[in-house]
């Protein structure tokens, strides 16, 4: 079967060769192209190229001539008429150049005759830097060399190795760019001291060159295989003793180790001899991830190092933390006896933590007495608690991992800004790039020597909603008056920066604001309320969102102008620190509608305007405009009322204008002292009452009622205070409810009708008939006869003004009295009727109804 496959392969090769020969014959069937001296020449040599036509291969008999053209690639270089052409060519470049000969029988068509390739190259250079290597004890010998310059020709390299006992190994490299070759033989360890010689020879069409012989022994060329199965062991789970283990080839005598932390770029190197796959490392750091690699060598001076082994990565065990926490605090008063203490601390570095920090222990205690007041364990880097304001307090914070705790950091809780003399001066913040700020200050003028250290504190001024900005701080010695801060610094964010000067248990502070980069704000403030307060306008607004402020805001501007006005708006510029979210304006005119809006400014420019709000100041009249007229009117009124005649008229007018519903009832004469002092005889009164009851009409047959109206003109005047008092006349005013026993009716008078209707067209004063003693009656005679008085008659002796009396019409003519022709007078008072002052009458002992007009609101004579 193998012979059959081999025969088929040979037949296929033979057929391909025949086809190639046939193709060549077919290509050059009209003529030949010859090259002298050779198709391969050295650089700078000349060559002769000839082209000739074969018999009967020229132009047709009708053609007048044969024209042969020689092309170098696609460019004509020579033309000749006839059956042959010959030309010498010089200056050919390195590499291969194609020449083609063509026949032209007419002006348009050219026929390809034949062509030739000429190769230009150089003689091979002597190979240099010949070296050989055998990888591992069971590897094969491989040699490498430097070829030198390119010959641009096909060059063959032959490697020949000569050993003891006339042993020779030879192998040729057919690659065009051959610079290494594997002999495929293994030199065994039994001949470690045997000497070997190797050389390489380069051959091409222009010549050959051989390298210098290279002699070596097995130890010189054998490169051990990299160590494998690397592992590490920590004795007692401690980093103090670490053992690195690996496996090697048997002939290895020397090892080198390198290791480094993962985040480091430099290696720690260790050389060990005859290690036998084991080495102890004593300088590893706790809780650190390391990378380990190992290399091997067979001899101290001969041979080469093996390649580095694959990396081993592992983390060392934890150890107790070292170092102390960097602690800072904030103090805030809540009320008169409580304060809030917020402690902050920074994480320990990996070299200080020496493990995973599980928690922090916080202790607060009073300085006096030293008793522990509060202890807490937290996993965060901050802690807040409320403690009393009494006494001096101190705090201690320590970090703990699985192996132990660090030393506590102790700090006294003092008023950081309580001492004004310790406050640093001229605190400034300047940008130092996209994420850095340089803070500078000057020491306090009067307490420079007392300052023990400075603390620079910063935090974002306007964090997002619901966010607590991280607090950053750093300590600075007293001789350093600047600090470069870069922790949590972002561009286009405003930071509040505070510098504290500490001296024992006292401190002073000063602050500023700064940003690393700034632009004009992206939006303006939003006005949320406009209110009027004491003639001025109070404008309140919402802060611009922190991400749209684009740096520290330096000023706010409030613009306003009248609505529908084309004039330039007025403005008020407010420094940021003075009014963070409200400001009054007192230059607006009352009852004018204004349009208001706001902008904000940073060091880079002004923001777009915020929302517009309309507002009209209602205003209040100036109190001075009312005070002067009021005083004038008061003076005039006092002057007018001081005159008696005007005062009387004014009071009469006021009494006349007083509504009826606000007046109180007139006292009932039936309840007077006179009625009780002179009682009516019971028998006659009873007879009179019986007669009245018998003559009283039934409701079915009402009798017509005739009412005589008595109109009396009166002239009211005020009585002077020197007139005799009411007591001198023996009269008084007293209000009582009229009982049936004190009331009498005339036998000839009809019973009292119902109250008059609205059809009468006027108000009527209703009265009852009053029983009275005659002029001859005496107080000691209770059986004196009943005297029926006229309707219009009222007794004046020890009598009272009537009230709540039914109207009783009179059928008798009014009794004339000489006093009726005299001017009628009445004494008025501004007091209510229930407290009327006693009146003095000039009517003698009798007062008739034609002299008296009584209403619910006045009493006139």
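Using the three backbone atoms N, Cα and C, a Cβ is placed for every residue, glycine included.
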Next item on the list: With Swiss-Prot open, pick whichever of 376, 510 is annotated N-linked glycosylation site.
Entry: 376
Next item on the list: Tell me which range among 602-622, 623-643, 644-664 Swiss-Prot lists as transmembrane segment.
Entry: 623-643
Next item on the list: Name the residue range among 786-792, 793-799, 800-806, 807-813 that Swiss-Prot annotates as region 'Required for STAT4 binding'.
Entry: 800-806
Notebook entry, point to check: Can you check which of 300-304, 305-309, 310-314 Swiss-Prot lists as motif 'WSXWS motif'?
Noted result: 305-309
Check: What mean pLDDT does the predicted model reach across the domain 'Fibronectin type-III 5' (521-620)?
Finding: 88
Check: Which residue counts does DSSP give the domain 'Fibronectin type-III 3' (320-415) for helix, strand and coil?
Finding: 4 helix, 53 strand, 39 coil
